[in-house]
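This report concerns only the one structure given below.
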Protein chains: 2
Amino acid sequence: MALFVQKYGGTSVGTAECIEAVAEKVCGFRNKGHDVVVVVSAMSGETNRLIDLANSITEEPAPREMDVLVSTGEQVTIALLAMALQKRGCEARSYTGGQVSILTDSMHTKARIRKIDEQGMRDDLDAGRVIVVAGFQGVDENGNITTLGRGGSDTTAVALAAALKADECQIYTDVDGVYTTDPRVVDSARRLERITFEEMMEMASLGSKVLQIRAVEFAGKYNVPLRVLSSFQEGEGTLITLEENIAMEQPVVSGIAFNRDEAKVTISGVPDTPGSALRILKPVSDANIDVDMIVQNVGEDNRTAFTFTVHRNDFNRAKDVLQRVSDELGAREVSGDTKIAKVSIVGVGMRSHVGVATTMFEALSAEGINIQMISTSEIKISVVINEKYLELAVRALHSAFELEKPAVEETM
Amino acid sequence: MALFVQKYGGTSVGTAECIEAVAEKVCGFRNKGHDVVVVVSAMSGETNRLIDLANSITEEPAPREMDVLVSTGEQVTIALLAMALQKRGCEARSYTGGQVSILTDSMHTKARIRKIDEQGMRDDLDAGRVIVVAGFQGVDENGNITTLGRGGSDTTAVALAAALKADECQIYTDVDGVYTTDPRVVDSARRLERITFEEMMEMASLGSKVLQIRAVEFAGKYNVPLRVLSSFQEGEGTLITLEENIAMEQPVVSGIAFNRDEAKVTISGVPDTPGSALRILKPVSDANIDVDMIVQNVGEDNRTAFTFTVHRNDFNRAKDVLQRVSDELGAREVSGDTKIAKVSIVGVGMRSHVGVATTMFEALSAEGINIQMISTSEIKISVVINEKYLELAVRALHSAFELEKPAVEETM
């Protein structure tokens, strides 16, 4: 007898048939005696339909009103799922974010959860009811409807699991778990049985779009065991948990993430004086451009070069900003390249193993792939390479770190 | 400077363009210095779309969940209208029924309003904001979402007007007012400038589907001046008000209503003993069949006949029930007719004028129209006739009571 918080995303509840299938699954858990709190997203396509409606009225809708509008998407799903559960003789009750007391700050369209009053949910669970909660939404202290930002249903699920001290927060999605890398790129990519919160965060932010990074962060902070599973097929999925729960045999590298959404921008021939990094990056940040990797090389003539990566959508704006900065600083040149890709190896095992970087660089070199930038953290090494070598690089690294082989602990 | 509560129905907010037009109209009132509270319905078609969704899951959705589902329809409209107002520089804020504190009982899908806390609205109005409220919905004391039943947006508007002591509650619809009769039947039908609550209730219940009868009842009870106007064309519409506000020159008859949704059922040869009316009508009422007109004739042999009218959809069920009753009572026969129509003349002026019935029966007789049933109230006389004479009867009565001529007070 456990308490599960389960989250079903937009494609899992995209049609009446899908909702019936989710109800069937939830009833299965109830019939085994488990308590279940279900968090659902809007039916796929619904949120976009609502946003289009708003845009047909104004290009700059007030965030408060956007929240009133888009929060209806999840409200439709909770009612339909509750009906589908009741039809199966499974007692259920639906709640909007406000009704279940998900109190947030007042930052409309990107609110953060402040507090959850779990007493009402406990009463329902004690009465044997399944609770169906609208994901992605809450209310502020004045009763205004807020939303947590797109994909925030994962965060709702984790927050409810934390508040209720659930045994597991299960995120049902259209993939059956977290893989060592994208199976569309590497045939032998393998589903991981377990991964740590930290690794998952690195994987998620690098483009393995299985889970919202905020949800993983939240789960890690409150130590909520998080499981990613498929809505459409049976399986154990991938359990995301604290490092201490991961067996000693954890492999050095857990997975290979990659990203081709970035572009790089270089400003070279910058007079090498204190504060130049700030004078270059502050205008970029002021222009609301997110910078990912930053590399500085010392050059000749007391001059230096900065290279950093930004989202490709921001490439032209970043170049314009830098050109202005370059003129002010008396730098030599601003250049850039959009045809790049970032490849990262991720693993908590790296911490205690030397030579991981060497293996990585050797594997790339053996394939004749030139490394343009390098950035490292405790559990991750990222390189920027020419975009055309992306698949080759991922396959070479997957094989170099023997990710196709199951780790010892995973055979237990 | 007045305070208006305005209600716009589904066709008035059916598309983004319609919503823009409503915003334009509301801004016009604001620019003249008036305070405005707007109540809106779901965009036309939306409520049916949601009901279809529910029916695709189950034929018997729980009323609580239906309310969660269909209340999203109005919530979408309030957000879009608030956006359209803000775009025009008109400060506005949207509220769901729950947010604006429309407290109802817990009768899901047909809840009744218990209390409205108007303080929050006063604050918004004082701050110069237009308030946009979702019609048709509220919350019960446990925070469950309720709906007032279909068409309940009119009731929301009247209730808000009563709570705020508004100067006028304006119902914008697709007709430009209340007519002496249906203009599709009588060319010379004339828009009424004023009508009393009582007359309006008789007109509405008899098929002039301009306003929800509950809303009119509510407006009468709290003496909220109610005006019906067109969303799509300029005009004064029709003001519905207390009798004392109607000038002395009020014509005897205000309008002619009619209805072809009814059927009549007769049980004859009933032994004329005390309690027979009850023994006949109770089983009908127990079967949830609404009865409209009831007529009893004394016959021969100490036997009597009852005739009453029911909705045509209930005709067969009513006959079945009566056949059972007939067997029990030892009555002679059960018969019925669906090809009937009810025509009524309505007017508070009838109270003080004799001979109204005579004029009515003369006019019908002159056209050779046989009267099958008669029923009277203080401000209404209804007759049942053969359906095929309906248009002829309405035109004859409209002319007999000179309804095509403007009343004196209406020329002021």
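Using N, Cα and C of the backbone, Cβ positions are placed for all residues, glycine too.
According to TrEMBL, the protein has these features:
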BINDING   B:K7, B:Y8, B:G9, B:G10, B:T173, B:D174, B:Y179, B:R184, B:K209, B:V210  ATP binding site
BINDING   B:T47, B:E74  substrate binding site
DOMAIN    B:265-339  domain 'ACT'
DOMAIN    B:345-412  domain 'ACT'
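Straight-line distance linking the Cα atoms of B:T47 (substrate binding site) and B:Y179 (ATP binding site), rounded to a whole number, equals 28 Å. For B:T173 (ATP binding site) paired with B:E74 (substrate binding site), the C-alpha to C-alpha distance reads 16 Å. B:E74 (substrate binding site) and B:Y179 (ATP binding site) are 29 Å apart (CA-CA, integer value). Between the CA atoms of B:G9 (ATP binding site) and B:E74 (substrate binding site) there is a gap of 10 Å. Secondary structure at B:G9 (ATP binding site), taken from DSSP and collapsed to helix, strand or coil, is coil. The C-beta environment of B:K7 (ATP binding site), restricted to residues of the same chain at least 6 apart in sequence and closer than 8 Å, consists of B:V38, B:V39, B:V40, B:S41, B:G135, B:S153, B:D154, B:T156, B:A157, B:C169, B:Q170, B:I171, B:Y172.
Other Cβ atoms within 10 Å of the Cβ of B:Y179 (ATP binding site) number 22 in total over all chains. Listed in sequence order, the residues of the same chain lying 6 or more apart from B:E74 (substrate binding site) and placing their CB within less than 8 Å of its CB are B:V40, B:S41, B:A42, B:T96, B:G97, B:A134, B:G135, B:F136, B:Q137, B:S153. Reduced to three states, the DSSP call for B:E74 (substrate binding site) is helix. Over the domain 'ACT' (B:265-339), the average per-residue pLDDT in this prediction is 89. Secondary structure of the domain 'ACT' (B:265-339) per DSSP, as helix, strand and coil residue counts: 29 helix, 29 strand, 17 coil.
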